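Asker: My questions will all concern the structure given below.
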Amino acid sequence: MKFSEQWLRGWVSPQVSRDELVARLSMAGLEVDSVTPAAGDFSGVVVGEVLSTEQHPDADKLRVCQVSNGSETFQVVCGAPNVRPGLKVPFAMIGAQLPGDFKIKKAKLRGVESNGMLCSQAELQIGEGNDGLMELPVDAPVGEDVRTYLSLDDASIEVDLTPNRGDCLSLAGMAREVGALYAAKVQRPEVPAIPAAHDEVRPVEVLAPAACPRYLGRVVRNVDLSKPTPLWMVERLRRADVRSIDAAVDITNYVMLELGQPLHAFDLAEINGGIRVRMAEEGEKLVLLDGQEVTLRSDTLVIADHTRALAIAGVMGGEHSGVTANTRDVFLESAFFDQIAVAGKARSYGLHTDASHRYERGVDWQLAREAMERATGLLLEITGGDAGPIIETLSEQHLPSVAPVTLRAERITQMLGMEIDGLEVERLLTALGLTVTADGAGQWRVEVPSHRFDISLEVDLIEELARLYGYNRLPVRYPQARLAPQAKAEAEGDLPALRRLLVARGYQEAITYSFIDPKLFELFNPGVEPLLLANPISADMAVMRSSLWPGLVKALQHNLNRQQDRVRMFESGLRFVGQLEGLKQQPMLAGVVCGSRLPEGWAQGRDGVDFFDVKADVEAVLGFAGALDAFTFVPGKHPALHPGQTARIERDGREVGFLGAIHPELAKNLGLDRPVYVFELVLSEVAQGRLPKFHELSRFPEVRRDLALLADRDVAASSVLDVIRENAGEWLTDLRLFDVYQGKGIDPHRKSLAVGLTWQHPSRTLNDDEVNSTTQNILTSLEQRLNATLRK
C-alpha cells in the first residue's frame with residue numbers, strides 16, 4: 001500500500017515527525033518498505049504563462065517564447081512539442097536549482113538568448129512524463145512557487161502489508177491505525193447521499209449469491225469524460241503509483257485507494273439489457289481492458305449483460321464495455337465479492353490487479369454504498385451529469401459474520417508477560433473500531449467490525465493489544481517450564497550432526513523451494529506425472545518436487561553464472577512422490593558437486609572432482625551412524641544420471657539413494673558445460689545406525705599382506721572384497737583397495753586390483769603359517785568364484 005503522507009495527515013495528523021511516524025508504523029506490524037520524496041530537490045521554479053511563441057530563426061525544432069512570471073516577461077527558447085500561447089507551465093528562472101545539481105543560467109541557443117527554462121515532469125522528477133512540458137491547470141496562479149502550488153514538500157510512504165491486513169489497503173485503514181497508535185482523532189470525510197436526478201435503472205440479477213452477496217449499480221447520464229482529472233487527484237494517484245487515465249477511471253481508482261472498495265465503470269451504451277452476476281460458461285471468450293483475450297473457465301465469476309460477459313468479477317473489466325472519451329452514460333458498479341470466489345483467479349489468467357489484490361485479502365462488505373456515493377459525487381463534480389437511483393441486491397445469508405470474542409485479563413498477562421490496565425485495554429481496542437463490553441470480572445466481550453477479517457480468536461485480540469501498546473515496551477520474561485529431553489534411540493543419528501559433517505567436508509547448506517518448474521521436473525523425471533499445484537505462485541513454480549536435485553542444480557547454475565567455479569552444496573528436505581491419494585512425503589538428504597577437488601592453493605593442484613571423490617563424501621555420511629557396512633553401491637540406472645557413472649545405494653537390498661554424474665543430455669539442456677555430480681539419500685535410512693561395540697585394544701603386532709590380483713574388467717571391486725572378507729577369518733581388522741591398474745603389461749580384458757589385508761589377534765601374535773594359510777584360501781576362492789588370480 002503506497003500513499004501520500006499529506007493525504008494521510010488530512011485524515012489524521014499526530015504531532016510527530018515523518019521519521020517517528022514511519023518507525024511507529026513498522027513497530028506496529030505495518031512495515032514501511034520505502035519513503036520517497038514526492039518530487040526532486042529543486043527551487044526557484046514558479047508557475048509561468050506562455051504569452052506568445054515564434055519560430056527560432058536557425059532551428060526548425062526550437063521556438064522562441066515570451067513567458068510571464070506574473071511581474072515580468074522573459075524570453076525563453078524551448079523545443080517542447082506542446083509549447084503554445086496560453087499554456088501554464090513550471091518555469092525555472094535564472095538562478096533556479098534543478099535536480100541533479102543543475103543550475104539555470106542565462107544562455108544562447110543557436111544565437112538566441114534564453115532567460116530560463118520551461119520544465120517537463122521528468123526534469124523536476126515529478127513523475128516520468130518526458131514527452132513535453134508539464135501542463136498546469138488554466139487557473140494556476142502565475143508566479144506562485146511550483147513546490148507550494150503542487151504541495152510537493154511531501155513523501156510517498158509504501159507499507160508492505162501482510163496478507164491478513166487487507167483492512168489497511170486504503171487510506172481509511174491506515175488512518176484508523178495511526179489514530180489508534182497515537183490516540184488521535186480520525187477526520188473521515190463526509191459522504192452525502194446523492195439524490196436521484198432521473199429514474200433510469202438497469203435490472204441486476206445475481207445468479208451466484210454465495211460468490212457475490214452484495215451488488216450495487218447506478219446509472220449516471222450525460223457525463224463529459226473529455227474533461228481532465230483535477231491536478232490534486234492526479235497528484236494523489238501519482239504519489240500512490242497509480243497512473244492517471246481518464247476522469248471515470250481515475251475516480252474509481254481514487255475511491256479504492258481512499259476507502260478500500262474497488263469499483264468499476266461500464267459504458268452504459270455497451271450493456272445489452274440488465275446486469276447478470278453469474279459463473280462463466282466453459283470456454284467463453286472475453287477481451288480484457290489490457291487487450292488480452294482470455295478463455296474463461298466455469299469456476300470464474302463474471303459480470304455479464306443478457307448476451308455476453310462484460311468483466312471478470314473483482315479482477316478486470318472487458319475492453320468492449322470500458323469507458324472512453326466518447327462515453328456519455330456510465331453504469332457504476334460497487335460490489336462485495338467473496339474472497340474464495342476471487343482468490344487465485346487473477347493469477348490463473350496471468351493477471352494481477354489492484355482490485356483482485358484487495359478482494360483476495362478481504363473487502364469490508366459494508367463499504368459498497370459509501371463508496372458508490374463517494375464515486376458518484378466526484379464524478380458529478382468533475383464531469384457533470386445526472387445520477388439515477390442506486391439499485392441493490394443483497395443476500396444476507398451469504399454475508400460474512402464474526403461471532404463476539406471473549407477476552408480475559410488473565411490470558412493477556414499470561415501471553416504478554418505483563419498486566420495491562422482494564423481501561424487501557426478498552427481504549428486500545430475501541431480505537432480500532434471494536435465494540436468492547438466489560439463484565440466486571442476481568443473479562444470483556446468484544447464485537448469485531450466487518451473490516452477486521454483477521455480477528456476471530458482471543459489471541460488475535462491480544463496481538464492487537466501488543467501492537468498498539470508497543471512490542472518494544474513489553475518486558476523480557478524468559479519462559480519457565482519443566483522440559484524433558486526428547487527420548488531418542490542411541491543408535492539413531494540426527495540431522496544437525498549430519499549437516500555439520502558435510503560442512504566440515506567443504507559443503508554449504510542450501511534451501512530451495514519445494515515447488516519447481518514443470519519443464520525442470522520433466523527433464524529430471526521424463527514420463528512421470530507431476531503433482532500439480534492448484535494455485536501456484538507462478539507458472540515456473542507449479543509442481544511439487546519429487547527430488548531435491550532440480551532445486552540444487554538450479555542453485556548451482558546461479559552460482560556458476562556468478563563466477564563461482566567450485567561449488568559444493570547439500571540440502572535436507574521433503575520430496576513428494578505420487579499424487580494426492582497415496583502421496584508420500586519423504587525426508588531426503590541430497591548434494592551437488594562441481595569444480596576442483598580442493599580449494600585453490602599453492603600446495604595443491606587444480607584437478608577436477610570425480611565420481612569417487614563424491615562417493616567418499618557419501619560414504620562418510622553413510623558411516624556416520626556406524627553402519628557403513630550395511631550399505632552397498634551397485635551399478636544402477638537413473639534417467640537424470642550418466643549411464644556409466646551411476647551407483648544405486650542399497651541397504652539390506654532396499655534402494656536408499658543414488659549417486660552419479662548428471663546425464664550429458666540433461667547437462668546440455670541445462671547449459672552445464674562441466675562435470676556435475678549429485679547424490680540423494682533417504683534420510684531415515686542414513687540416520688539408522690548401530691551402537692558401537694567396545695573391546696580392549698590388542699597389545700600384539702599386526703600382520704599385513706598386500707595382494708595384486710588380476711580380474712576380468714567387468715568384475716566389480718566390491719565382489720572381490722566380499723570374497724576376501726568371507727575367507728579372511730575372524731582376525732581380519734582392515735581391508736583396503738589401494739590401487740587399480742589397466743594398461744601396459746596387463747591383458748586388455750583384465751585389470752589389476754591391489755588390496756591390503758591386516759590381521760591382529762587380541763591375545764597372541766599371529767604366525768606366518770596361519771596368515772599364509774588364510775591368504776592361500778583367499779586366493780583359491782577368488783580364482784574359483786571370480787576367475788581372479790594373483791598377479792605375477
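The backbone N, Cα and C atoms fix where each Cβ goes, and this holds for glycine too.
Model, not experiment: these values are computed from the prediction.
Pasting the relevant annotations from Swiss-Prot:
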- 39-147: domain 'tRNA-binding' (DOMAIN)
- 400-476: domain 'B5' (DOMAIN)
- D454, D460, E463, E464: Mg(2+) binding site (BINDING)
- 698-791: domain 'FDX-ACB' (DOMAIN)
Asker: For D454 (Mg(2+) binding site), which DSSP three-state class applies?
Answerer: coil
Asker: Just how many other Cβ atoms lie inside 10 Å of the Cβ on D454 (Mg(2+) binding site)?
Answerer: 18
Asker: So which other residues, same chain and not among D454, D460, E463, E464, have a Cβ within 8 Å of the centroid of the Cβ atoms at the Mg(2+) site?
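Answerer: Surrounding the site, in chain order, are R452, I455, V459, L461, I462, R467.
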Asker: Using all protein chains in view, find how many other C-beta atoms are within 10 Å of the C-beta of E463 (Mg(2+) binding site).
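Answerer: Within a 10 Å radius of the Cβ of E463 (Mg(2+) binding site) lie 16 other Cβ atoms.
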Asker: Per DSSP, what is the residue tally for the domain 'B5' (400-476) in helix, strand and coil?
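Answerer: Once the DSSP states are binned, the domain 'B5' (400-476) shows 33 helix, 13 strand, 31 coil.
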Asker: In sequence order, which residues at least six apart in the same chain have a CB under 8 Å from the CB of E464 (Mg(2+) binding site)?
Answerer: L428, L429, L432, I455
Asker: Does anything in the same chain, at least 6 positions from D460 (Mg(2+) binding site), have a Cβ under 8 Å from its Cβ, and if so what?
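Answerer: Within the chain, D460 (Mg(2+) binding site) has Cβ neighbours under 8 Å at V405, D454.
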